Ligand code: BJW
Ligand code: ZN
């Protein structure tokens, strides 16, 4: 059953605090659960649908090729929805902990890296997150590869109003979907879909982080999508510790050293000892 409150014991937190203070290189892998308390739907939860479609089935190059109008409406819906979403206490805890590390008040900890699978940009910019699956607010040309940041809402006139899922799905011709200001090609969300390779530089940065990481926190992810699903094992194989934060136990017992079951907006600030900080 999903936990709606923090039922972890003070003994468990005390043990974790000791491990945290003694760890030199702390890294976090976050997933959709990190943003759940901000009201952003997760993929494999009840909100993992857009209209009658399973969200992960729209997050593929095949779906975009077959029906770019539908896939753009799905992303427009999510971009539009983000207008009313704010970082929650778990996101804020990351900034606060970064401040502790930077001011050398975090024991032995000298590096703190946040790797996120989320594309919502709710992870505070001051933790310089590695956004391994891209961003909802970046687009890229399918013809020339040109990338741009874009927060326009709607991103093009034809998508205006299509966020209303009570209305029938629109059938937008390609010429009316977002196009490249350089070559006129069709733009797509600059995110990583299933069966697509992740950016090489990002993977290299992540490998460097995992190589030296001695404490890896897996926060709000079902940890089933590769390559992220393999990160904890890589840390563990090198002798690092892995701690899961989730509303339910998702990782196998033998793959974690500890877990905090409960909403990460409650558990993470307490675990990082930043809950009293402004
Ligand atoms: C809370 C909470 C609260 C809720 N507090 N917790 C090896 C084996 C098998 C398959 C593969 C493999 N290697 C590669 C593959 C194929 C594929 C894959 O992994 N498939 C799996 C399904 C098995 N991987 C890929 O295709 C990747 N590419 C790749 O590897 O390239 C090489 C290659 C090329 C060709 C062929 C094969 C390999 C790319 C993966 C890209 C994933 N993209 C998406 C969409 C991004 C854009 C978008 O958002 O639209 O990324 S899919 C989706 O899943 C999204 C997410 O980032 C990702 C992970 O989901 P996440 O974040 O874990 O969300 P949920 O909903 O699953 O979980 C939420 C969790 O939070 C739950 O556990 C809740 O309990 C919890 N929770 N509230 C704490 N308050
Ligand atoms: Zn172009």
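Backbone N, Cα and C atoms are what each Cβ position is placed from, and that goes for glycine too.
The following features are taken from TrEMBL:
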{"type": "ACT_SITE", "residues": "133", "note": "active site, proton acceptor"}
{"type": "BINDING", "residues": "31-50, 117-120, 220-222, 246-248, 264", "note": "NAD(+) binding site"}
{"type": "BINDING", "residues": "75, 78", "note": "substrate binding site"}
{"type": "BINDING", "residues": "141, 144, 180, 183", "note": "Zn(2+) binding site"}
{"type": "DOMAIN", "residues": "6-278", "note": "domain 'Deacetylase sirtuin-type'"}
From the recorded positions listed here (31, 43, 78, 133, 220, 247), select those whose CB sits under 6 A from an atom of ligand 2. none
Centre the Cβ atoms of 141, 144, 180, 183, go out 8 Å, and tell me which other residues of that chain have a Cβ in range of the Zn(2+) site. 142, 143, 145, 146, 182, 184, 185, 187
Just to be sure I understand the contacts, which recorded positions have a Cβ under 6 angstroms from any atom of ligand 1? Candidates are 35, 43, 117, 133, 247. 43, 117, 133, 247
I'd like to know which of the binding-site residues 141, 144, 180, 183 has the most other Cβ atoms within 10 Å of its Cβ. 141
Please average pLDDT over the domain 'Deacetylase sirtuin-type' (6-278) for the predicted structure. 97
Tell me the Cα distance separating residue 183 (Zn(2+) binding site) from residue 220 (NAD(+) binding site), rounded to the nearest angstrom. 40
By Cβ count within 10 Å, point out the most packed of the binding-site residues listed: 35, 117. 35
Taking Cα atoms as reference points, which of the binding-site residues 141, 180, 183 is nearest to residue 43 (NAD(+) binding site)? 141
Among the binding-site residues 31, 47, whose Cβ has the fewest other Cβ atoms within 10 Å? 47
